[in-house]
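Undergrad: Below, the features straight out of Swiss-Prot:
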{"type": "MOD_RES", "residues": "Ser2", "note": "phosphoserine"}
{"type": "MOD_RES", "residues": "Ser2", "note": "N-acetylserine"}
{"type": "MOD_RES", "residues": "His266", "note": "phosphohistidine"}
{"type": "REPEAT", "residues": "53-92", "note": "repeat 'WD 1'"}
{"type": "REPEAT", "residues": "182-221", "note": "repeat 'WD 4'"}
{"type": "REPEAT", "residues": "224-263", "note": "repeat 'WD 5'"}
{"type": "REPEAT", "residues": "268-307", "note": "repeat 'WD 6'"}
{"type": "REPEAT", "residues": "310-339", "note": "repeat 'WD 7'"}
Amino acid sequence: MSELEQLRQEAEQLRNQIQDARKACNDATLVQITSNMDSVGRIQMRTRRTLRGHLAKIYAMHWGYDSRLLVSASQDGKLIIWDSYTTNKMHAIPLRSSWVMTCAYAPSGNYVACGGLDNICSIYNLKTREGNVRVSRELPGHTGYLSCCRFLDDGQIITSSGDTTCALWDIETGQQTTTFTGHSGDVMSLSLSPDLKTFVSGACDASSKLWDIRDGMCRQSFTGHISDINAVSFFPSGYAFATGSDDATCRLFDLRADQELLLYSHDNIICGITSVAFSKSGRLLLAGYDDFNCSVWDALKGGRAGVLAGHDNRVSCLGVTDDGMAVATGSWDSFLRIWN
């Protein structure tokens, strides 16, 4: 037996020991604890608005913190800022690269960011004196595509990339202030904790990791998926997070229990998950799928509570407003739909 093979076996044994130690601490399952809770019943949501304007696949969307404006990014090379109440376009921003994969709205509402196969995170100022939108900063540094970005504030943004790293940037200087390394596959998604001190990442190594923004360290790693993790989203309390994967399952991981609590899957679902988001209370988990639908899961009991059907192609992105009153889904059919 080669030395490498021996080390592989030892690592596998250690992994199993860790799994066993976690299970030993697990005095009850979430299903047991929630067994006497009422189910959420049938969740039926309607499309209240359809946002038409993109001319090609929509790849990403992100709500503004006012729960009214949202930004979307499309293969047509446009970033559009929408008023979800009126369906009006506030801004249509032409991008230098049409291969955009992610977009983000700053908490202040002053900036939006985007990036993709250009490996650059571009920051746009929406509140210029002249009234026009322009690039205020470009952040080059990743050696792979930009898969996700999220603002901490107007001065800092976190990005994840196909180069297997995440990075914290000082927007003013354009420099990476912290690099988060540890994944062994493309990092596909990130989600900031409510207190903005940590974030979780999901990657093509089928693992998700919790990172400390303050010191750049990986605090916890979570495994269980058997394929790429495409999406991650923090539970509103900040003590748990959900993941969505190409293995056709979503999973709920608890930071304090240090393990998986629940698996969301259905015999009829055999396609990958592109996006996940919790309702404001955390009781519902919404997940977008390659089969054109969006499933609504009972986050605590694990059952499927509803389906949002209406898109004519893959649901590529979704988001719940800060006030919890609406869900937006974006699709390869070039439309965004607002549901509640």
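Glycine too: its Cβ is placed from the backbone N, Cα and C atoms.
Since this is a predicted model, take the numbers as computed values, not measurements.
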Undergrad: Quick one: do the repeat 'WD 7' (310-339) and the repeat 'WD 1' (53-92) reach 3+ CB pairs under 8 Å, ignoring pairs fewer than 6 apart in sequence?
TA: yes
Undergrad: What counts of helix, strand and coil residues does DSSP assign across the repeat 'WD 7' (310-339)?
TA: 0 helix, 15 strand, 15 coil
Undergrad: In terms of Cβ proximity under 8 Å, which residues at least six beyond the ends of the repeat 'WD 5' (224-263) contact it?
TA: 22-23, 25-26, 29-31, 185-186, 188-195, 200-204, 206-208, 210, 269-278, 280-282, 285, 287-288, 297, 299-300, 302
Undergrad: With a Cβ cut-off under 8 Å, give me the same-chain residues at least six positions beyond the ends of the repeat 'WD 4' (182-221) that come close to it.
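TA: The answer is 144-145, 147-148, 150, 152, 158-166, 168, 227-234, 236-238, 241, 243-245, 247, 253, 255, 258.
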Undergrad: For the repeat 'WD 6' (268-307), could you work out the same-chain residues 6 or more beyond its ends whose Cβ comes under 8 Å from its Cβ atoms?
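TA: Cβ under 8 Å, 6 or more out: 30-31, 34, 37, 39-45, 227-228, 230-237, 242-250, 252, 262, 313-320, 322-324, 327, 329, 331.
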Undergrad: Where does the mean pLDDT land for the repeat 'WD 7' (310-339)?
TA: 97
Undergrad: To which of the modified residues Ser2, His266 does the lowest count of other Cβ atoms within 10 Å belong?
TA: Ser2
Undergrad: For the residue listed as 'phosphoserine' and the residue listed as 'phosphohistidine', what Cα-Cα distance in Å is obtained after rounding to a whole number?
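TA: Approximately 41 Å lies between the Cα of the residue listed as 'phosphoserine' and that of the residue listed as 'phosphohistidine'.
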Undergrad: Going by DSSP, how much of the repeat 'WD 5' (224-263) is helix, how much is strand and how much is coil, in residues?
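TA: So the repeat 'WD 5' (224-263) is made up of 0 helix, 22 strand, 18 coil.
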Undergrad: DSSP says what for the repeat 'WD 4' (182-221): how many helix, strand, coil residues?
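TA: For that range the per-state counts are 0 helix, 21 strand, 19 coil.
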Undergrad: Tally the residues of the repeat 'WD 6' (268-307) by DSSP class, grouping H, G and I as helix, E and B as strand, and everything else as coil.
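TA: Residue counts in helix, strand and coil order: 0 helix, 21 strand, 19 coil.
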